């Protein structure tokens with residue numbers, strides 16, 4: 001019995017000794033290492049947050065000037081409708097190529113092809129080119145039959161396929177340019193498979209290019225047919241509202257440059273070719289082309305009231321994949337083109353500074369990274385290190401100002417701003433991860449997953465509110481990364497409520513709930529039942 005007691009006492013003494021030793025090490029390293037490291041990270045994040053605020057404020061001032069003085073592109077550039085010539089007839093209209101890249105688009109191929117074939121333009125001055133990369137033979141047959149149906153009506157439509165999907169969308173567009181009839185065209189309009197231009201699209205966009213030889217691109221605004229489908233699509237519309245109402249408008253007005261959105265735009269063929277054509281070195285081939293054309297001195301025009309119907313991702317899985325591509329691609333393109341931009345001799349120093357600092361660094365890097373690291377990692381961590389104080393301007397004033405400036409283009413959805421903030425912070429996790437993947441060219445840097453579209457499935461029967469629940473496997477429904485971050489924020493919120501003095505727990509507990517809702521798959525799992 002004494003031997004057992006002595007052994008137990010020895011174990012307790014050893015455990016106490018280890019605990020004391022660990023505690024001693026923590027006390028010795030806490031201030032010089034942990035506290036200082038967290039303080040440095042906090043100051044860096046606050047500096048980046050302030051840079052983001054200045055950028056948002058600058059764009060807010062510009063857009064206020066544009067709206068106040070109604071600086072429409074028709075007033076800045078020469079624009080007048082095109083008319084047939086008495087001698088030349090329809091040959092006074094430029095020859096236009098319309099490209100529709102698609103891949104397994106069973107739900108939307110008829111909508112996009114039909115909209116393109118109904119464009120108001122002389123029939124002998126337009127080519128409709130359907131670039132079908134479908135891997136499903138059944139869908140290929142359907143798309144080809146649809147093209148033949150329109151051809152029988154007199155539409156000049158071409159159905160083009162290739163042997164492989166190398167380069168994905170960029171590869172398809174590049175291959176489409178190699179056909180002999182394309183050489184006859186001076187302009188090319190591009191529409192993704194879910195985009196439905198109005199009949200007057202070319203009549204409103206082409207005159208900018210015809211009457212202004214310095215313009216290389218005309219970009220239209222996206223309008224969403226399913227924006228009111230669910231809370232997730234409404235929040236997506238809010239984010240797009242800022243992009244189109246502010247970012248694209250400011251870029252067009254102040255710099256005659258912005259990132260091509262890859263669809264719903266018209267290029268001058270010479271500008272596209274002079275820039276080197278389509279390249280597949282990143283997943284944002286559209287932005288890549290725009291930057292190269294911009295460095296050649298071409299000007300871009302964004303027309304806000306020229307709208308093209310399209311579809312927002314209806315499932316969280318589709319939206320997450322889309323955001324990965326749109327966050328990873330720009331970061332990777334920045335890595336590849338930063339020196340090329342800096343050493344370019346065709347554009348001004350001001351434009352190069354705008355491209356490197358504002359367009360890429362602040363909007364494509366800082367905007368993603370600082371949101372997650374500051375608000376979901378660093379500020380929660382300061383709860384356990386009271387020596388590190390977060391200034392009020394960094395937790396309230398700057399975030400509030402940035403949020404108000406971000407929702408400038410979403411006035412009709414102001415009541416959803418709290419949900420939007422929480423959801424955007426969740427998405428910042430994936431955008432931050434994708435940004436680092438792009439910057440360091442790690443795995444998934446060139447991952448391309450076609451965004452799932454529902455097309456006619458969005459059109460429910462009149463008065464019907466029936467919803468169809470999507471089928472997911474457990475591994476697809478549960479998102480471990482979101483749950484892990486949610487647990488971290490929950491613990492931080494509980495600790496702040498119990499022992500802290502910052503009162504961050506209100507935000508932390510709400511944000512933890514948002515991560516749990518997404519983590520357990522309760523966002524983007526219902527779609528309309530046609």
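Just so it is clear, glycine is given a Cβ too, placed from its N, Cα and C backbone atoms.
Keep in mind it's a predicted model, so treat the numbers as computed, not measured.
Taken from TrEMBL, the feature transmembrane segment applies to 40-66 (among others).
Annotation comment: TrEMBL describes 187-395 as domain 'Glycosyltransferase 2-like'. Within the model, the domain 'Glycosyltransferase 2-like' (187-395) carries an average pLDDT of 94.
For the transmembrane segment (365-385), same-chain residues at least 6 beyond its ends with a Cβ under 8 Å from one of its own Cβ atoms are 34-35, 38, 41-42, 45-46, 48-49, 51-52, 327, 331, 334, 394-395, 399, 424-425, 428-429, 431-432, 434-436, 439, 485, 488-489, 492-493, 495-496, 500, 502, 504, 508, 511. As annotated by TrEMBL, transmembrane segment applies to 365-385 (among others).
Positions annotated as transmembrane segment by TrEMBL: 397-423 (among others).
Within the chain carrying the transmembrane segment (478-498), a Cβ under 8 angstroms from the stretch's Cβ atoms is held by residues 376, 380-381, 383-384, 426, 429, 504-505, 508-509, 511-516, 518-521, all 6 or more beyond its ends. Residues or ranges marked as transmembrane segment by TrEMBL: 478-498 (among others).
Taken from TrEMBL, the feature transmembrane segment covers 504-527 (among others). Residues 229-232, 313-319, 375-376, 379-380, 383, 395, 422-423, 425-426, 454, 457-458, 467-470, 472, 476-483, 485-487, 489-490, 492-494, 496-497 of the same chain, all 6+ positions outside the transmembrane segment (504-527), place their C-beta atoms under 8 angstroms from a C-beta of that stretch.
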